Amino acid sequence: MDKYDKIIDLTKRRGFLWNSFEIYGGIAGFFDYGPLGAILKNNVINTWRKHYIVNEGFYEIDSPTVTPYEVLKASGHVENFTDPLVECKGCLESFRADHIIEENVDVDTEGKTLQELQEMIEKNNIKCPKCGGEFKDVSTFNLMFATSIGPGGKRAAFMRPETAQGIFIQFKRISQFFRNKLPFGAVQIGKAYRNEISPRQGVIRLREFTQAEGEFFIDSRKKENFEKFESVKDTVLPLLSGKNQENESLSAEEKIVRMSLSDAVKNGIIAHEAIAYYIAVTKKFLMEIGIDESKLRFRQHLPNEMAHYAADCWDAELYTDRYGWIECVGIADRTNYDLLAHMKNSGEDLSVFVELDEEHEIEAYEIELNYKLVGRTFKGDAKVLEESLKELDDKKMEELVEALETEGKYTLKTCKRDFELLKEYLTAKKVKKIVKGEKIIPHVIEPSYGIDRITYCVMEHAFKEEEDRTVMGFSNAVSPIKVGVFPLVNKEGMPEIAMDLKNKLRENGLIAEYDDSGAIGRRYMRMDEVGTPFCITIDGETLVDNSVTIRERDSRAQFRIPINEVVSYIKDKL
């Protein structure tokens with residue numbers, strides 16, 4: 001067995017990970033978290049919350065996983081959320097074209113077109129791995145799970161492919177919550193869905209997975225000189241830039257350069273200080289949850305693999321024994337793509353007013369409504385029309401005035417309804433105004449975390465085989481069970497003392513496990529295997545002087561402390 005198989009065997013035995021729907025044969029791309037796996041995953045998530053909500057000042061929202069078609073049409077997912085597909089002419093089995101090529105030929109398929117993938121399959125005579133048959137031509141496959149809302153299937157929808165869109169849709173409400181003062185950030189943690197063509201990488205490639213995403217909204221002019229960057233500028237990271245990836249004269253080792261974030265920004269490797277800052281936050285989080293620093297690198301997306309919404313993107317990649325480097329975090333500059341797309345398609349104003357350093361004079365349109373005519377025509381919606389006109393930017397106002405002048409009518413789209421405006425409904429004239437600010441569409445820096453992949457890497461990086469034991473060397477932040485409590489023997493009142501201590505630990509918010517079965521060495525080994533950092537033994541000396549033996553997982557060191565100091569000692573260490 002390789003390391004992956006050993007870890008999966010351990011996680012199944014000890015209640016970390018199980019195949020979903022196992023008694024019905026299972027389905028690829030789905031896993032259940034068992035009792036310890038669920039705690040481990042939640043500890044990863046709660047550590048992430050600490051970094052983004054407590055430390056960074058983001059606030060969390062929770063939106064539906066079912067998303068209407070029009071939302072994902074506007075975001076570009078209907079057109080762009082695809083993978084290349086090949087189907088066998090014989091057995092009709094489907095495969096991801098790029099993966100099937102990489103499994104047969106030592107070549108990088110990232111960013112290749114459908115035609116280029118087709119040529120690779122033909123040139124290398126790649127056949128179906130299941131039956132040996134030939135493939136049909138490479139095509140695209142949309143990865144979203146389609147569904148419908150309500151009876152009759154009249155309202156098309158999808159299971160969300162990312163949590164981010166829920167934040168963008170509620171941008172106006174979120175901005176109001178922050179009193180419309182940039183910059184600010186919102187996060188969402190929850191399930192996302194990707195109908196993978198042929199997931200064959202265990203827990204690495206899932207069809208239902210957990211994302212933790214942050215959306216940091218900022219004035220685009222503030223990205224270059226980002227105030228918080230000063231605190232992380234000297235952080236040194238292993239960077240694999242797009243330029244080095246394309247430099248064929250460099251070896252794989254030479255392509256990765258360790259440098260400070262300040263140098264990376266200064267030399268134009270990282271686009272700006274804002275995205276560099278969240279790369280540093282990502283590294284800090286990964287270190288706290290126990291990722292091996294020697295198995296972490298940050299890789300820049302090449303232009304031909306950049307997401308449709310991104311101006312720059314860096315992946316935190318973690319090394320795994322079986323699958324090599326895998327993408328676990330993406331830190332992207334999404335510009336104002338999403339807000340502009342949803343403004344265009346919803347008719348809602350998603351701009352933010354920002355104050356200028358100095359006042360200045362401008363020319364702007366002033367609208368005067370024919371309230372009698374507008375009230376008679378639009379009745380209760382007249383107020384909606386008035387407010388919508390006030391929110392129009394200069395470009396939209398010019399468009400409206402020109403249409404009324406040349407065509408005598410204009411359709412104003414708002415989130416509530418469309419207004420068919422006639423020339424006689426209003427007058428517009430240009431006036432000079434003193435302005436103290438302007439409306440802008442904020443840009444977005446997005447750190448997006450794949451929690452399931454990260455949780456697996458936490459397990460793999462913690463997994464150690466020693467001569468006489470197997471250890472999950474989890475960091476204290478994420479270990480599922482914090483303390484094992486044992487009576488040395490099941491008599492003389494030791495079980496009662498041990499049980500009482502376990503209860504006190506739990507009352508103080510620490511997950512403690514009582515175990516009185518088998519030799520004490522076997523009990524230590526069981527706790528080592530699930531990553532418990534401390535074990536406490538109640539023995540004969542406890543009955544004499546109220547002291548207990550504490551044993552540390554990693555060093556195996558043992559020492560005694562008074563039983564009434566155990567809770568404070570463990571809490572201090574954790």
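Glycine is treated like the rest: Cβ placed from N, Cα and C.
Feature annotations, reproduced from Swiss-Prot:
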BINDING   ARG96, GLU162, PHE209, THR210, GLN211, ALA212, GLU213, GLU446, PRO447, SER448, TYR449, GLY450  substrate binding site
BINDING   194-196, 204-209, 327-328, 450-453  ATP binding site
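Here the candidates are the binding-site residues ARG194, GLU196, CYS328, ILE451, ARG453, and by Cα distance the one nearest GLN211 (substrate binding site) turns out to be ILE451.
Spacing of GLU196 (ATP binding site) relative to ARG96 (substrate binding site) is 9 Å (Cα to Cα, whole number). Each of the binding-site residues ARG96, ARG194, ARG205, ARG207, ARG453 was scored by the other Cβ atoms within 10 Å of its Cβ; the lowest score goes to ARG207. Ranking the binding-site residues GLU196, GLU213 by how many Cβ atoms sit within 10 Å of each one's Cβ puts GLU213 at the top. For the binding-site residues given as PHE209, TYR449, the lowest number of other CB atoms within 10 Å of the residue's CB is seen at PHE209. Of all Cβ atoms in the protein chains displayed, 25 besides its own lie within 10 Å of the Cβ of CYS328 (ATP binding site). Cβ neighbours of PRO447 (substrate binding site) (same chain, under 8 Å, six or more residues apart in sequence): TYR52, GLU213, GLY214, PHE216, TYR278, VAL281, THR282, VAL329, GLY330, ILE331.
In the three-state DSSP assignment, the secondary structure recorded for GLU213 (substrate binding site) is strand.
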